[in-house]
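Database features (Swiss-Prot):
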BINDING   Ser64, Glu66, Glu70, Glu151  Ca(2+) binding site
DISULFID  Cys25-Cys36  disulfide bond
DISULFID  Cys53-Cys150  disulfide bond
DISULFID  Cys125-Cys142  disulfide bond
DOMAIN    32-151  domain 'C-type lectin'
SIGNAL    1-23  signal peptide
Amino acid sequence: MGRFIFLSFGLLVVFLSLSGTGADCPSGWSSYEGHCYNIFHLFKTWAEAERFCRKQVKGAHLVSIESSEEADFVAQLVSENMKRYGIYIWIGLRVRGKKKQCSSQWSDGSSVSYQNWIEAESKTCLGLQKETEFRKWFNIYCGERNPFVCEA
């Protein structure tokens, strides 16, 4: 009887410890701070990638990076999974308007509170650059086709 109680308690502890991890993410997606992330090795324009993300999971968009900790998580995830693909990865931020100002919102509607530019240029979409280990934001022509990260 004592062994049964010990085993039951052990299973309960394991279940409770897993309930706050990736259990809520779809299969193949990675979990971080209550959000789910997936890298797609498909080469799409920024707009195509955003549309693709929206079709994957309810509430999904191109990734919005809102802290240095999240930037580190995304960089590690991309580095581990993009060893032989392109040099840029789309993120959910683009420049809008006649003055080419950076939008104050990510494609998911959240405010831009963290920035990590490598340099500012006249190109209107943003991605992570391989040369910076996918940690810095780089301006890229929106019609270029690149892999991307979706976040839900």
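Any Cβ shown, glycine's included, is placed from N, Cα and C.
On the structure: features taken from Swiss-Prot.
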residue: Cys25; record: disulfide bond; DSSP (3 states): coil
residue: Cys36; record: disulfide bond; DSSP (3 states): strand
residue: Cys53; record: disulfide bond; DSSP (3 states): helix
residue: Ser64; record: Ca(2+) binding site; DSSP (3 states): coil
residue: Glu70; record: Ca(2+) binding site; DSSP (3 states): helix
residue: Cys125; record: disulfide bond; DSSP (3 states): strand
residue: Cys142; record: disulfide bond; DSSP (3 states): coil
residue: Cys150; record: disulfide bond; DSSP (3 states): strand
Would you mind ranking the disulfide-bonded residues Cys142, Cys150 by how many other Cβ atoms sit within 10 Å of each Cβ and giving me the lowest? Cys142
Looking at the disulfide-bonded residues Cys25, Cys36, Cys125, which sits with the largest number of other Cβ atoms within 10 Å of its Cβ? Cys125
Measure from the Cα of Cys36 (disulfide bond) to the Cα of every one of the binding-site residues Ser64, Glu70, Glu151, then give the nearest. Glu151
Might you list, by sequence position, any residue in that chain lying six or more from Glu66 (Ca(2+) binding site) with a Cβ less than 8 Å away from its Cβ? Trp106, Ser110, Ser113, Tyr114
Enumerate the residues of the same chain, Ser64, Glu66, Glu70, Glu151 excluded, that satisfy the criterion Cβ within 8 A of the mean position of the Cβ atoms of the recorded Ca(2+) site; list them in sequence order. His35, Val63, Ile65, Ser67, Val74, Gly92, Trp106, Ser110
For the domain 'C-type lectin' (32-151), the mean pLDDT of the predicted model: 85
Chain-internal residues, separated by at least six, CB under 8 A from Cys53 (disulfide bond): Ala60, His61, Leu62, Phe148, Cys150, Glu151
Quick note, Cys125 (disulfide bond) and Cys25 (disulfide bond): C-alpha atoms separated, nearest Å, by 27
